[in-house]
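What follows is a set of notes on a single structure, which appears directly below.
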Amino acid sequence: MRVASSLFLPVLLTEVWLVTSFNLSSHSPEASVHLESQDYENQTWEEYTRTDPREEEEEEEEKEEGKDEEYWLRASQQLSNETSSFGFNLLRKISMRHDGNVIFSPFGLSVAMVNLMLGTKGETKVQIENGLNLQALSQAGPLILPALFKKVKETFSSNRDLGLSQGSFAFIHKDFDIKETYFNLSKKYFDIEYVSINFQNSSQARGLINHCIVKETEGKIPKLFDEINPETKLILVDYVLFKGKWLTPFDPSFTEADTFHLDKYRAIKVPMMYREGNFTSTFDKKFRCHILKLPYQGNATMLVVLMEKTGDYLALEDYLTVDLVETWLQNMKTRKMEVFFPKFKLNQRYEMHELLKQMGIRRLFSTSADLSELSAMARNLQVSRVLQQSVLEVDERGTEAVSGTLSEIIAYSMPPAIKVNRPFHFIIYEEMSRMLLFLGRVVNPTVL
């Protein structure tokens, strides 16, 4: 797989100082010289048994490093939780406008918005922090959020089996100057790629932007824009490519056409994959839904949420929270099962700026936006659009996306089955960080 050029590839250099401590016995010549030079009458026992200062420094450094690791771990967990909460809130906003298939990346959008937040001040910045649910984390320091996202991206980029790459573009009108401080920070933490463009020549601008996106997404997103407003000053685009391979693939020879119930009255035929084996799952008695884990290589997982009854899938979205998902995960068991799962492909594009406004991020998209950390020309600047397009393809080998203790099995018994033959939700996350990569629902597997 070709790695996109804008993917951040970190290089970490750690310098370790080795300080040797000497243990001198009283019989050694060195010890004799040393002991004779001491004033025993004025020396207390504490002074005599005091540890070498260099050893104390080493111990203090190790303690500080341990505290730092513990702090970053807690902060990373909080970042993942808040990004998930942001994703669930955004799903509810999307559902108010759209009742069909859904696919988007909370992680990708959060990265893009935090990068842009580096260029904001005042109420504009506060609204972004609040809208992303990151206001508490941001209190630790002005660069804590960029640093945390950088660490997460380092984890992803170093895991080749994960098959994830993410990047961001800022298309800026040709007469717009970026402050050097912002440029350096955004490069350091996000590796964002800036493209100068003449928006007044809208057809040329559209062609250039679409060409960049085609190149970076390996042709998965061939056309992002149909038209562009010539008055535009800034367009922010982020993309996410995820080529996940199932840890245990489905056998294509078992895939057959089967019925998928769109609702109580309509049904269609879809290619239905099949596998029998050990699966991890649970059943939520309160919400009457099955939750099934489908693991990928590289420590990622698709969590499938299937309501017991066909027409109830939208009602679940009002209750999706980090705590609910964590409860599901804690109550899962692994056992032998039959799983029927449809092949599908999703391709969705969202005008995220309209959705972000509903989540309280309004000033950024208005004439009162404070982008003074981004440019000296900030008085005349506002963000015009924030777009995200995500492509997700699921087949026997796995997923291609662009934006327990084993139970005892009784011999010869028929294994239970989960048949995903009605609308369902899916959550794709990285196990180690618990970062929510993709979130969505499939209402009709035959429609993009």
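Glycine is treated like the rest: Cβ placed from N, Cα and C.
Some features that Swiss-Prot has for this protein:
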COMPBIAS  54-63  compositional bias 'Acidic residues'
CARBOHYD  ASN81  N-linked glycosylation site
CARBOHYD  ASN184  N-linked glycosylation site
CARBOHYD  ASN278  N-linked glycosylation site
CARBOHYD  ASN299  N-linked glycosylation site
REGION    33-70  region 'Disordered'
REGION    140-157  region 'Heparin-binding'
SIGNAL    1-21  signal peptide
SITE      TYR265  site 'Essential for interaction with PROZ'
SITE      ASP318  site 'Essential for interaction with PROZ'
Which bits of the chain, at least 6 residues beyond where the region 'Heparin-binding' (140-157) starts or stops, bring a Cβ under 8 A of a Cβ in it?
7-10, 12, 72, 75-76, 79, 107, 110-111, 114-115, 117-118, 134, 164-166, 185, 188-190, 430, 432-433, 435
A 10 Å Cβ contact count, applied to the glycosylation sites ASN184, ASN278, ASN299: which residue has the minimum?
ASN184
Per-residue pLDDT averaged over the region 'Heparin-binding' (140-157) comes to what?
92
Using a 10 Å cut-off, grab the number of neighbouring Cβ atoms around the Cβ of ASP318 (site 'Essential for interaction with PROZ'), all chains included.
10
Of the recorded positions listed as ASN184, TYR265, ASN278, ASN299, the one whose CA lies nearest the CA of ASN81 (N-linked glycosylation site):
ASN299
Position of peak Cβ density within 10 Å, selected from the recorded positions ASN81, TYR265:
ASN81
For the C-alpha pair, I'd like the distance in angstrom between TYR265 (site 'Essential for interaction with PROZ') and ASN299 (N-linked glycosylation site), rounded off.
39
May I have the DSSP-based helix, strand and coil counts for the residues of the region 'Heparin-binding' (140-157)?
14 helix, 0 strand, 4 coil
Tell me the coarse DSSP state (helix, strand, coil) of ASN184 (N-linked glycosylation site).
helix
Inter-residue C-alpha distance, ASN299 (N-linked glycosylation site) and ASN278 (N-linked glycosylation site) (nearest angstrom):
17
